[in-house]
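Structure record follows, encoded as structure tokens.
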Amino acid sequence: MAKLLSFSDDSRSALERGVNSLADAVRVTIGPRGRNVVLEKKFGAPDIVNDGVTIAKEIELDDPFENLGAKLIQQVASKTKDKAGDGTTTATVLAQAMVHEGLRNVAAGASPIELRRGMEKAVAQLVEELAQLSQSVGGNAIHQVATVSSGGDQEVGRMVSEAMDKVSADGVITVEESKSLATELEVTEGMAFDRGYSSPYFVTDADRQICEFENALLLLTDRKISSVSDLVPILESLQKSGSPLVIIAEEVEGEALATLVVNKNRGVLQVAAVRAPSFGDRRKAALADIAVLTGGTVISEDRAMTLEKVSQDDLGQVRRITISKDNTTIVAKDENRDAVNARVASIKRELDETDSEYDREKLNERIAKLAGGVAVIKVGAPTETELKNRKLRIEDALNATRAAVEEGIVAGGGTTLLHLSKGLSKLAEQLNDDQRTGVEIVQRALSAPARQIAINAGENGDVVISEIQRLNKGFNAISSTYEDLLEAGILDATKVVRLALQDAVSIASMMVTTELVIADKPEPPAPAGDGGGDPMGGMGGMGGMGGMGGMGGMGGMGGMGMPGMM
């Protein structure tokens, strides 16, 4: 494919236009008075959302160079979301401000490399100062962080706080759609482990990049599955019943994995494969724990069991299973509660008998996973559109509270970054001209989140920034007053602020040092009359699709024992 090249100021200007297009769409959502954005969907009703990363992922621009700028800012939002779970809009607003200031200085003749060095020195100092300002989570802080992260929704804050009280901050908390209008909290049997799907082709929810099944069956084995013939009997049985199947094994690979992916993508089976947690004997113990939780049987080499003879009676049953790239969460059915309690008692006896600190740690982890249960927040709303938006807010609140437990809390509302900007003046004085400018680029950008929160609340952003600095307080966008935001309970997780800042500087400093942009040349649209005189004539060629019947040759897979499946 031919490429388009853009050099120097032209390339940077195009990137900045793309950055601005995306950031301007996202920034309107920041703060408790942030606006909503309506997203058209290919199928069904449009979504109304208030979530930065969801909006960012939807944006695609016509100009290939501008689109690359937008994609770079999408990367900021996605990286912040992946690592902190929240703060995507803050990261986007910071990155936009830094890109604008940085490119303006490059156009004026500043050295891009020295600017970048100055920006990196500034962020290093800010991260240190953030850690010193951070306070540990205590009292009502979990409720307050969750409320702020959900856009000031007190009910969400209460629900997340209650869920963490019931299963601890390290416990498993999931969010699902309720059958009623009310949002409710339920604690049930379940567990989570740090293994994800064996192939991204198992994803059932492209927006969240997860595979999720209701009322699924689990095939548990400590074997490696390479041959599809091992799975044919149970897969044919499940094809008739229509039940989803998740295979948790040492490894699913080669022909077996390819067959599962093909059948899933053709809609023949609802299926996914997950690598079993842990290693060696601990893997066998973990599989046994999952078997007790779900009422299944581990198909084990130690017991001379074979996969070909597996029946549906050997499979575990779950109410819901959610599989991401790195984690799996099982929400079990309640009928196995007695077996789970007996299993926990057995592990506790094992714990009493061991002297090894390492063994004790691992046994305690198993007890916590089995006994801790899963808190399920069931989200209700009058319409499907509102339900999706509310679900996104609750997930953001959960991620923010987990981040707060990890690294502590600081004053919210963009206030902490604004107050930290003063300390950069001393650093700037110690550096050469262009590095000093790099520090000042970051310094000026730190006011952007607080300014945008004020604008979204209907205030003059510059006036609010001036008052925050004069009073040495924060701006409460809900009441439009100036106060100590820590005391008012308007808090941000330190980890979220830190990662938003680091990710913004990372992308902005790279864009400042960009000299050439290479993009794919758009292909011209095919001529309308290509099919002869009759515009529908070209459709006749579709008959050639009959050749796709040759794909039935995949029925050659039938030679592997799966004729009906393929």
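Each residue, glycine too, has its Cβ placed from N, Cα and C.
Annotation comment: Swiss-Prot describes T29, I30, G31, P32, D86, G87, T88, T89, T90, G413, D492 as ATP binding site, evidence class sequence analysis. According to its DSSP assignment, D86 (ATP binding site) is coil. Its Cβ taken as reference, D86 (ATP binding site) is surrounded by 33 other Cβ atoms within 10 Å in the chains shown.
Residues or ranges marked as region 'Disordered' by Swiss-Prot: 520-540.
The annotation compositional bias 'Gly residues' is assigned in Swiss-Prot to 529-540.
T29 (ATP binding site) falls outside any helix or strand according to DSSP and counts as coil. T29 (ATP binding site): 22 other CB atoms within 10 A of its CB, across all protein chains. Residues T29, I30, G31, P32, D86, G87, T88, T89, T90, G413, D492 are the ones the record ties to ATP, and the longest Cα gap between any two of them is 16 Å.
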